[in-house]
Every structure is written in C-alpha cells, then in structure tokens.
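Q: In case it's useful when we look at the structure, here is the feature table from Swiss-Prot:
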- Ser108, Asp109, Leu110, Pro111: (6S)-5,6,7,8-tetrahydrofolate binding site (BINDING)
Amino acid sequence: MKVIFMGTPEFAVPTLKKLIIHHEVKAVFTQQPKAKGRGLYLAKSPIHQLAFEHQIPVYSPSTLRNDETINLINKVDADIIVVIAYGFIVPKAILEAKKYGCLNIHPSDLPRHRGAAPLQRTIIEGDLKSSVCIMRMDSGLDTGDILLKEDLNLEKRITLDELSNRCAHLGAELLIQTLANIDNIVPVKQSSNGVTYAHKLTKAEGKINWYESAYSIDCKIRGMNPWPGAYFSYNDKIIKILEAEYLNYNHHFIPGTVISNKLEIACGSGILRVTKLQQESKKALNIEAFLRGTNILKDTILK
C-alpha cells in the first residue's frame with residue numbers, strides 16, 4: 001500500500017520502520033527542525049532522520065491548514081495517511097484526501113485519555129490497564145472509529161519510558177495487521193461512556209502536593225519524568241524528584257515533613273523515599289551524592 005506518514009518523536013519510529021519494510025512510504029511530514037544545545041543547532045526530529053536515511057521525501061510545513069500544504073498532499077500518489085504524534089491538528093480536507101482516509105495509533109483505552117498526553121495521564125492516574133488502538137481519524141479529538149485494539153496489563157510502577165516503548169512497538173504491529181485486512185475490518189464506534197481527556201501537561205502540574213498519598217506522588221514522578229518533572233522547592237531552589245519509592249506506613253507527621261536523614265518524606269498517607277533527584281541547573285544525582293552537597297535536615301517541612 002502507498003502511504004503518507006505524519007509523525008515526529010521517537011514514539012513514531014517503530015511504525016515508520018515497519019511501513020518502510022512492508023509498504024511503500026511515498027512522503028513523510030514531520031515538525032520543523034528545532035534549535036537545540038548551547039550552540040542552538042537545528043536538530044531534525046527522529047522521524048525526519050529516519051526518512052532521510054531511506055531517501056523518502058520529507059516535508060515540514062508550519063501548518064496543515066493552508067492550500068499549499070493541502071494541494072501538496074493531494075498530489076502525492078498514496079492510498080492512506082498514517083498519523084502518529086505529529087503535533088498538528090489534521091484538517092478535514094486532509095482527513096478525506098486519500099482512499100482509506102487517515103489512521104492514527106492512540107496509546108490508551110479509548111475513549112479514556114483522549115488528547116495529547118495519554119501515556120503520561122495513564123501513569124499519573126495509576127491505571128493498571130490500558131490499550132493501544134488503531135483509529136480512523138475524524139474531525140473530533142480522538143473520537144474516530146476503532147479498527148483494531150489490543151489491551152495491556154500494566155505493572156504498578158511502570159515508567160513513562162517503559163510504557164512508551166511498549167505501546168510504540170505494539171502499535172506498529174497492530175497498524176501492519178490493520179493495513180493487511182483493511183477491506184475486511186468492521187469499524188467499531190467508541191462508547192459514549194467513560195470519556196476522559198489527557199490534556200497536555202503544564203509545568204505547574206509538576207509541583208508536589210505533600211497532602212496527596214505517597215503512591216499518588218510516586219505516580220506523578222513516573223508520569224512526569226522527564227517533563228515537566230515532579231518537584232518541590234527548598235531554599236528558593238526547584239528540586240525535581242526523578243525516582244522514588246512509596247512506603248505504606250502509618251505516621252503522625254505533618255505532610256511534607258522530612259522524617260529521616262535519607263530524605264524520607266511524610267505524605268497525606270504513607271512515606272515517600274527519594275532515590276534520585278536534580279536541583280535546577282545541576283545534573284541528576286542519586287540520593288547519597290545529592291545529600292553530600294545539599295543537606296536537607298530531618299524535621300524540615302517541605303513546601
């Protein structure tokens with residue numbers, strides 16, 4: 001099948017690799033190179049790099065909502081468009097531009113976690129089950145019919161990297177299966193029950209509320225690493241917690257109290273034992289190395 005591929009981050013790479021092997025990728029659309037590093041060099045997206053290596057034409061328009069881009073897509077000889085974490089809303093004119101429309105890989109149990117950050121919200125909310133869906137896109141926000149779906153059981157302390165890697169590779173396999181049977185698949189409409197929205201994360205959400213349970217804070221730490229990071233402030237410095245453990249211990253301390261010299265912190269329920277953290281503008285350190293340079297005393301109440 002002749003395919004136009006739209007995607008940007010590492011999450012989309014396994015699918016593009018599979019499409020290159022099994023189908024004919026006619027064009028790739030990805031976000032424009034972004035300034036990176038101290039020298040502010042222009043870094044191509046992972047998808048741009050992969051397409052370049054395989055000599056596939058690459059386009060990086062600033063928007064899909066203009067006649068120039070729509071006309072370009074109409075001119076590409078393709079049967080279908082595959083969209084994964086592209087970063088732009090796809091207008092109706094493009095959704096309907098090809099015979100089989102636009103397919104999307106969405107890593108959640110739709111209609112739960114529609115939106116921009118399903119992987120992060122799955123972890124932050126402590127979900128122990130999820131899914132990967134192949135969806136035919138429509139004009140709504142992740143409201144399209146489901147062509148194929150596979151459920152996942154999640155480990156209680158799964159990290160964002162682990163979940164992303166698992167869903168990316170499963171999604172690639174499911175998409176290839178979908179394309180092989182696309183003329184025979186009966187689309188399934190999404191339920192109107194259980195709809196939630198996985199809104200894009202904000203930096204403000206990363207601030208830790210010590211009155212939450214230790215487990216809830218641990219979920220936030222795992223779901224927000226690397227960005228925006230779950231953080232607290234100490235001596236007017238922002239400190240991100242990169243890794244921690246939660247302990248279901250009863251206690252009588254005010255939430256936010258440091259109860260040991262190993263940075264164990266009382267929460268609304270339970271204790272959070274910090275194991276890796278990073279002060280703003282400094283490198284990440286394990287707890288022992290961090291405490292050698294920043295002494296957070298027992299009985300300190302963190303804000």
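Every residue, even glycine, has its Cβ placed from backbone N, Cα and C.
A quick note: this is a predicted structure, and the numbers were derived from the prediction, not measured.
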Q: What are the non-local neighbours of Ser108 ((6S)-5,6,7,8-tetrahydrofolate binding site), defined as same-chain residues 6+ apart in sequence with CB under 8 A from its CB?
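A: Counting only residues 6 or more apart in sequence, the Cβ neighbours of Ser108 ((6S)-5,6,7,8-tetrahydrofolate binding site) under 8 Å are Arg114, Pro118, Leu119, Arg121, Thr122, Ser130, Ser131, Cys133, Ala198.
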Q: Determine the Cβ neighbour count for Pro111 ((6S)-5,6,7,8-tetrahydrofolate binding site): the number of other Cβ atoms within 10 Å of its Cβ.
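A: For Pro111 ((6S)-5,6,7,8-tetrahydrofolate binding site), the 10 Å Cβ neighbour count is 18.
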Q: Measuring CB to CB from Asp109 ((6S)-5,6,7,8-tetrahydrofolate binding site), give everything in the same chain under 8 Å that is also at least six residues away in sequence.
A: Lys129, Ser130, Ser131, Cys133, Asp151
Q: Below 8 Å Cβ to Cβ and six or more residues apart, same chain only. Which residues does that give for Leu110 ((6S)-5,6,7,8-tetrahydrofolate binding site)?
A: Ser131, Cys133, Met135, Asp142, Ile146, Lys149, Gln190
Q: Give the sequence-ordered set of same-chain residues, not counting Ser108, Asp109, Leu110, Pro111, with Cβ within 8 Å of the centre of the Cβ atoms defining the (6S)-5,6,7,8-tetrahydrofolate site.
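A: Neighbours within 8 Å of the Cβ centroid, excluding Ser108, Asp109, Leu110, Pro111: His106, Arg112, His113, Arg114, Pro118, Ser131, Cys133, Asp142, Gln190, Gly194.
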